[in-house]
Each structure stands twice: as structure tokens, then as C-alpha cells.
Amino acid sequence: MESFGGSSESPTEPKKPKSKTLRKPKETASALKQKSPAEFFAENKNIAGFDNPGKSLYTTVRELVENSLDSAESISELPVVEITIEEIGKSKFNSMIGLVDRERIDEELYDDYETAKAREKRLAKEARAQEIQAKNVSLGKKAKEFQPSKAIKGRGEASFYRVTCKDNGRGMPHDDIPNMFGRVLSGTKYGLKQTRGKFGLGAKMALIWSKMSTGLPIEISSSMKGQNYFSFCRLDIDIHRNIPHVHAHEKRDNKERWHGAEIQVVIEGNWTTYRSKILHYMRQMAVITPYAQFLFKFVSDLSDKNVTIRFARRTDVMPPVPLETKHHPSSVDLLLIKRLIAETSKQNLVQFLQHEFVNIGKAYAERLIGEMGPDFNPKMTVKSLTSQQIVRIHQLFRQAKFDDPCGDCLSPAGEYNLRLGIIKELHPDMVATYSGSAQVFEGHPFIVEAGVSVGGKDVKQGLNIFRFANRIPLLFEQGADVVTRSALKRINWNSYKINQTQDKIGVFVSIVSTKIPFKGTGKEYIGDDITEIASAVKSAIQQCCIQLKTKIVKKMQAREQQERKRNLSKYILDATGAVYEVLREMAQSHTSKKKRVEDEDSELLSKVSARMITKETLREKLAQHVEQVDFEMALEYATQSGVSEEPREPLFLQSLEAEDNFVDLHNPIFVFRLFR
């Protein structure tokens, strides 16, 4: 019998198959592995805004600028921030890392190599395009300027930039610098308060990107107020262990008595594609922080690419520093309650409830404990609570009524600063601002401020939307944002005398909170699914529009008044001549007794005959009558339009060079400074 393999075997003596020894899986294959926080963010850099080289350059600038602002504001110092992006060519970068430039030997190895066939095809295509262009020109047709095809850019042709940010802030303690930059998820911003940061990464992610793209360390210079030295530190990060790798850390003489920080990092980037985003970010940051002075520079070997922009300070009135607050009972989860119990210094349950949460007084805490059940009492040790008892506390927190948290811990920009920022950067024809009162979502307080402008410099027709969260600009994923949807779909602009498509409209909305409900992995927009925030945004924009309507109606009234006056004045000369001729003929008839008139008119005709009434006097009287009629019509128009409020105009008084011995009296649209 022929087998499957092709050999014949006896059926009585079947061949025993060879037994295969099963390999045991290696024990290490199932071993658990652990990633450090630095390693996680390095592998998922898009979460922190480092999607590609261009976005990484933008995010690096943003993180450094926001850190500088936080540092200066923390010591109530008016921020002065200098940001420089220096383009580094390939040869210069290679010399920085100690690499010698080499010429290509085998051109076909490279992905930008163009074969003879591809080159022939490209040249033939260019020749046809030039021929068509010449034909169109000869026929008098409008033809686009011919542009030759660009050479293929290889994947390895990266662009590198040195980003430097210098400020006049608090500075950093000498010994803390390595951990502040070389250890991910360690910092001073953690806690329940309004912060600019989204992940708490700051410059750490820029360092990780630098290590991934260039391998070069970051350099930090820092000095605190009153120090006669400044700290210099050069370091990178051990991504797998999440610890700093220090190359140099020393103290140097601080002759200038400078305080603040200067951070320098070399990264791969793309200035060409993200130039506009970076400049828009700086402009919008100048709008929301008019009390700061920014100097932005882009430096290149090609002088025509260089950019220098100074965003001047417009006011020296700063918002208050945000305060850290306690958790609201309705906003906590089980994990947070357990952490608070582990960290609390209070001994018993009633003290824990009273001191670790907002809006729970002693009497209310005792009522809550009484509602929890017989297993609870006010004097019981908080550390002795079982898991079941903690679940009971959490359930009651979700069901019980609590007063809303107040907004005293928040630090909005303020109407005054928002108005000044809009005027300073956009130069609009008119602007209105509004700051709402503190409201609450999911136990977190928030404040919405809004500004709407009409007209201005470098503003496109239609809606131009500027979004801010905790006083930082949001430039990406605008379409899904609550501000965009409110402005486009929930505001009837025509009812406020604003043309949504023809007018140059700027819509500015700033939301501050202890917890910004960002959406998306990059945290670039605020969702439209939170009713409290959507309603507050719509209301704030509407309040601005109501103010603008008053101004627009007055402007329309003035324009129509001028038009009426112009139309009436146009006929004064002809009307005067015609009336005077009639009066003169009547006066002659009256004098010759051909046609007598009554006593009232006879006096008028006598004055005409005596040249007491001339063509000039009639013209003056008619002009006065036009002015009176115009005024009465304008008054009637204003009454019918319901205009009762005078438009609020911006006012800025330059601060005096004097000692800081004054008291500020704040108003939504101005600050009155009283010097003692």
C-alpha cells in the first residue's frame, strides 16, 4: 500500500510516527513588565501634543511660555518673556553632536534618488506645461506663472531648532532643578486649583522629544530673588528609569542680580508648516495677558526668513494668583476619598469631613454621619474606616445636597484685561466684554468671560473665534468646541444688527475652572455636552452682543442723521432762492397796491422791501430749521429703538513712575489707581 509519503509499508507492521517533543514556553515570556511614566509618554507622545515635528515645535514653545508666565505671576512680577527659535542647519547640527559630514557614495540607496526614467518623465511634463503657458500668453489668456517641480525631499532630511525661553519669574532652588526637569509627573502644580498646564509635563516632554529626535541635553539657568549666584544645569532623562541624568550642575556668579529662568533645548521641528500657528499662539497669548511683555524671535541663516515681533505691555494690573482649594463632596470618587483618608492629619470622622471638604460645617457633618448608619459616629477614628464604610460615605456624597463651591479660588483675566488685550492686538471699531459670575458643573466652579469685537486690523470677514481655557489659547480642533458651536448655531447675529458673513467679528471666550473638561487625547477643545458650560458661554456672548447693539444702533443713527442732514442741506440754496423770489414779487405787488395782503403778512413783506430780510437771512433760517428737524428726528428714532444705555468706551491711563504706594479700585471696564 502506498502511503502519503510515497513509500510502501506492510499493513501488519505500521510505522510508528516519530514523537515530537513539545517545547515548554519560556518562563520569562509571561513575566510582567512595567513602564516608567517617561517611557509611557515617549511611546505615546501624541497625547502631550508631540504628534509630529511641527506640532512638537509649537508645543515646546507653548509649554515654555506658560511655565514662564506661571513663574512670574507666582511672585506678582509683571512677566517679561523672551522666546527665540534658532534654525540649525545640517552641518551645524552634525558639528554639535560631533558627527563629520559625509558625501553620498551610492545615490541609489537614498529614498530621494530619482531614476533616469523618472527624471525624463518629469522633464517632459515640465516642457508640456511651459508649452501650454506660452500658447495661452500668445492668445492673450491669463496664465499662471510656471513653477518647476520641487525636488523630492528624503525622509532623513530633518530640520532642527534651538528653542530658548527666558523670563523674570521666581526661578528654581538649586537642588530641585534635576528632578523638576528630569523626572516625569513631578512638579509644583499638582493640587486642586486653576492651572495653565494640561498634563503637568511642562518642559519635561520637550526634553523627552529632544532625547528622541536629537539626543542632546537640555540646558537650564536659574536664579531666585536675592541670590548672588545663578544655577546652571545640563541634563537629559533616563527614560526607562524616569530619573535625571545630570551632565553638569554648578553655581555661577550672578553679577546682574537677575532672577528667573532661561531654558534652552534643541529639537527636531518644522517651522514652515507651523509658523502661522506659533505666531497666532503668541498673538492670542498677548490678548489674554496684556500685562505681560513678549519678545518673539525666529533666527535663520537666511535673513529674509528672520522674524522679530514685540508684544508690548498695555497694563500693569494683574489677575490674582489662583488659590488651592478643597474638594467638593459631589466631585470625589472612591479612590480620592481613600487617598484623603490616608493623607489627612485629622483624627476623627467629623473633623475629617469638616476640614478636607468645602461647604461641610460641623453641624452638617454630624447630620451626614447620623445618616450614614449605626456603624458610624462622629468620634470614630477616620483611619479605621473599612472599605464598605468608605463606599457608604461615597454613596451619601452623591445623593446628599451641598452648597455650590464659590469661585474665590479662581483667577479669570477680568473684563478690564480682556478688553485691553482685544484693543491692543486687533484695533477693532467697537468692542464689548462681559464677565459672568461663578457657576458649577460636577462640583467644580467655573467662570466664563467673553468679548465680541467688530472690525479691526488683520481680521477676516465673518466669525473669528478665539478660545481660551485657564488663560491659555486653544488653536486645534475648533469645530467640536463649545465656543465654536455656540457662536455658529446658538446666536442670532442679525437680531443684534451684526452681519455674520460680511462684518469682521471677533468672538473671544475664556473659561477658567479647577477642572477644565477637555475632550480628545490632546486636550485641545472643550466638549459641547456639559449643559452648564454651554449655557454660560451662550449667555456671555449674548450679553456682549446686547452692548454692541446699543453702539451699532447709535452709529446707524448718527450715519442716518448725517445722510438726512446732507440731503436737506443740498436743497437749501435752491429753496432759498425760490422762496425769496416769491416774497420779493409779493412785496412789489403789495407796495404798488396791486394786491393787498393782511396785516401779519404785510409786516413780512415790508421787511423784504426794506432789505431787512434778504436771501442770506433766509438761508441761515432754513439751515437752523434743518438742524432742529434733524435733532428731533434722531431723538424720536432713539426712543423707538429702545436705546437707553450710553456706549462704554475704553479708557487707559498710563501708570506714573512713582513708588508702589497706591490703592487700586477695580471696575469691570476700568481701574482707578489712587496714589497716596
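Including glycine, each Cβ sits where the backbone N, Cα and C put it.
Look at TrEMBL and you will find ASN67, ASP167, THR188, LYS189, GLY197, LYS198, PHE199, GLY200, LEU201, GLY202, ALA203, LYS204, LYS523 tagged as ATP binding site. For 405-564, the entry in TrEMBL reads domain 'DNA topoisomerase VI subunit B transducer'. What TrEMBL records for 1-35 is region 'Disordered'.
Neighbour density for ASN67 (ATP binding site): within 10 A of its CB lie 22 other CB atoms from the protein chains shown. Confidence across the domain 'DNA topoisomerase VI subunit B transducer' (405-564), taken as the mean pLDDT and rounded to a whole number, stands at 88. Around LYS523 (ATP binding site), a 10 Å sphere centred on its CB holds 19 further CB atoms from the protein chains shown. Less than 8 angstroms from the CB of LEU201 (ATP binding site) sit PHE41, ALA48, GLU63, VAL184, LEU185, each of them six or more residues away in the same chain. Remark: ALA203 (ATP binding site) has THR60, GLU63, LEU64, ASN67, PHE181, ILE218, ILE263, VAL265 as non-local neighbours, by Cβ distance under 8 Å and separation of at least 6 in sequence.
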